[in-house]
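Asker: Submitted below is the structure of interest, expressed as structure tokens.
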Amino acid sequence: MMAQQGHRRLLVLSGDADWARQQAIHLSEQLPGDWLWVGDNFPPGANGIRPTAAKTLLGQEGLHGVFDATDGLNTEALAVLAGVLRAGSWLLLLVPAWDDWALLPDSDSLRWSEQSAPISTPNFIHHMQRQLLASPDVFLWQQGQLPPVPQFAARPNWQPPDGTPTTEQQAILQRLMQGRQGVWVLTAARGRGKSTLAGMLVAQSAGHCWVTGPGKAATQVLSQRAGDRARFWAPDALLEYCQQHDVSDVDWLLVDEAAAIPTALLSALLAYFPRALLTTTVQGYEGTGRGFLLKFCATLSDWHHITLTEPIRWASHDPLEQIIDDIMLFDDDRINDKLSPTGSATASIGITVCEQSNWLSNSELLRHFYGLLSSAHYRTTPLDLRRLMDAPGMHFSAAKVADSVVGALWLVDEGGLASALAHAVWAGQRRPKGSLVAQSLAAHSGQWQAPILLSRRISRVAVAPLWRQQGIARQMIAAEQARAQGEGLDFLSVSFGYTVELACFWHACGFHLVRIGSHKEASSGCYAAMAVLPLSRAGDMLCEAARQQLVRDWYWLQQWIGLETPVSLFPPEQPDITLNDDDWRELAGFAFALRPLEASLPALQRLLLQDKALQIKAPLPALRQYLQQGRTTAEIVHQLGLSGRKALVTKWRQEAAEAMAELKPVGNFLVNINNFQ
């Protein structure tokens, strides 16, 4: 019946883990199929895979599946498995006893809660239970009760695809074949035939077509359609090849699940090919396709958006797809599209503080808030929904016009570490979970006291597209600033991919730039920047110390990262090459502790410019070759006869200690180096 209707359904088995698994085994023996089993514990001989490896299933298909959530619920893995199952499939979801489930520790919370032990996740579990019970197409079998008897409503028989393009696919293929240059971005929900269409394009194209994506396994469906005409490349390997060879004879580059590839890498690849087809999922395990359109595609000069709406792997109104969408809020990133700013000059915009307890009592608020975040940040995934609903230390504000959410702000508590632990973070010896900015200021900017202070980091901020450029984000931030100050916090912070536009925005909000990383972020292709808004005297002192350190060090940092000087820094024209107290502390941390070279780079550069006698007494070949002569680590390792990079780092530290001893008696060091051994 289900196969005839083209539908898939969910059966929830709730009870003890052993009972649930035994029922799943029994049912799998009664129904022939592939029976993909996702969980940390699966029966011997099962076609099983752990939740953390579920992405390897992408691009594949199977009949029937089991998802074991008795110990923890990995929502991304559940979404992946649901997308893999074809028409006629049952998905068996194994969960703890129904009434106990929300109270039990969830092992998956270790991935996103920033806690040292699993926590219970009552808000998300109650939300999920509510969706499961509300669906007439979900069957619940609880231990100690009789199994449900599935009742299927009469529906017309489904006509599965016969291998030829659907009307929708054919129209898109014709459009693609007529194109001479540009980038086409194909978005669709799972099961709509994106990969199949890409394979058809390869099969019909007269020229060479190359394929790339986050993993070769994910292109299985595409390859089946394209045969041996599609050559697969890993993204980084393809870029390296393009940089060294002529690829002008390649007509098409096909990028599967493009939103999963770092934007800088994707941009670099597109420059080498006249035509490119990028496919990405509208909503799912990797994030949102709509956000991908807003963020990445807006940077392209010649791109075209195309979409597939009709499913081909199952029939329309599929029960399994609908319940997964309801649980993950996959359909809620469009809910703000109809909000018009007409009359906004007189519209009353209210800033509302939201707590996690509000999400269950006001499901519409949750849908609007999370939907807005999903549409604005294309790497928003189901993991973020789990964190938003149950992770400790989360704070939220919503900008509302009447009952509509037009702005969303998400903040995370940071700091409060013990002094000894903060020193260990500074020394490079410890890196506990959480406190992203606070720990980074200690580990990379020398501000060891940052993790001790109480702070709150802005994690996400989003404003509905039609309501932007009206100061709504600044209103929300100002409200949270007052709230945090009233609670006795020391500072607010933010981490962002550095662009002039974003730097100016945060500066206008009162934040001061205090750190710029030495490497570009994979997600944004920009250097990671951090800014602080002080709220207390201690926060003022930290902010000023970190800002002045960045200004003083900028001469050497800029040579390392090649970034234009931020307008808010105003560094001196000539670098300060004297060694001050902060430099000696930094050098001691590098020489006698485990601070990374990148964090100590300006102090090391100053060290190398000291007394000329130092060059005779301590030539420091490893440091000089790397910092002054621009040699690669591989070249230095070979030149000095070292065993590898680890030995080179040890050599760097030894040379730093040697130079310090020559310039300043060890007994007079400002830092007791014994603390760092």
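The backbone N, Cα and C atoms fix where each Cβ goes, glycine too.
Per Swiss-Prot, the features are:
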BINDING   Gln169, Gly191, Arg192, Gly193, Lys194, Ser195, Thr196, Leu197, Ala198, Gly199, Met200, Arg313  ATP binding site
DOMAIN    351-533  domain 'N-acetyltransferase'
BINDING   Val461, Ala462, Val463, Glu501  acetyl-CoA binding site
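Each of these features: where is it, how hidden is it, and who are its neighbours?
Answerer: Listed in sequence order, the residues of the same chain lying 6 or more apart from Arg192 (ATP binding site) and placing their CB within less than 8 Å of its CB are Leu308, Thr309, Glu310, Pro311, Ile312.
In the three-state DSSP scheme, Ala462 (acetyl-CoA binding site) is classed as strand. Around Ala462 (acetyl-CoA binding site), taking its Cβ as the centre, 27 other Cβ atoms fall within 10 Å, counting all chains.
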Asker: If the ATP binders are Gln169, Gly191, Arg192, Gly193, Lys194, Ser195, Thr196, Leu197, Ala198, Gly199, Met200, Arg313 per the record, what's the largest distance between their Cα atoms, in Å?
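Answerer: About 16 Å separates the two most distant Cα atoms.
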Asker: For the recorded acetyl-CoA site formed by Val461, Ala462, Val463, Glu501, name the remaining residues of the chain with Cβ within 8 Å of the site's Cβ center, in chain order.
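Answerer: After dropping the recorded site residues, what remains is Ala376, Arg468, Ala473, Phe505.
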Asker: When a 10 Å sphere is centred on the Cβ of Lys194 (ATP binding site), how many other Cβ atoms does it contain?
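Answerer: There are 27 such Cβ atoms around Lys194 (ATP binding site).
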Asker: C-alpha of Met200 (ATP binding site) to C-alpha of Ala462 (acetyl-CoA binding site): distance in Å?
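Answerer: The Cα atom of Met200 (ATP binding site) is 38 Å away from the Cα atom of Ala462 (acetyl-CoA binding site).
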Asker: To the nearest whole angstrom, state the Cα distance for the pair Lys194 (ATP binding site) and Ala462 (acetyl-CoA binding site).
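Answerer: Checking the Cα atoms of Lys194 (ATP binding site) and Ala462 (acetyl-CoA binding site) gives a distance of 29 Å.
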Asker: Across all protein chains in the structure, which of the binding-site residues Ala198, Val461, Val463 has the highest Cβ count within 10 Å?
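Answerer: Comparing the binding-site residues Ala198, Val461, Val463, the most crowded Cβ belongs to Ala198.
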Asker: Among residues Val461, Ala462, Val463, Glu501 annotated as binding acetyl-CoA, what is the maximum Cα-Cα distance? Answer in Å.
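Answerer: With Val461, Ala462, Val463, Glu501 as the binding residues for acetyl-CoA, the largest Cα distance is 16 Å.
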Asker: Could you tell me the mean pLDDT the prediction assigns to the domain 'N-acetyltransferase' (351-533)?
Answerer: 93
Asker: Reported as an integer number of Å, what is the Cα distance between Ala462 (acetyl-CoA binding site) and Ala198 (ATP binding site)?
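Answerer: About 33 Å separates the two Cα atoms.
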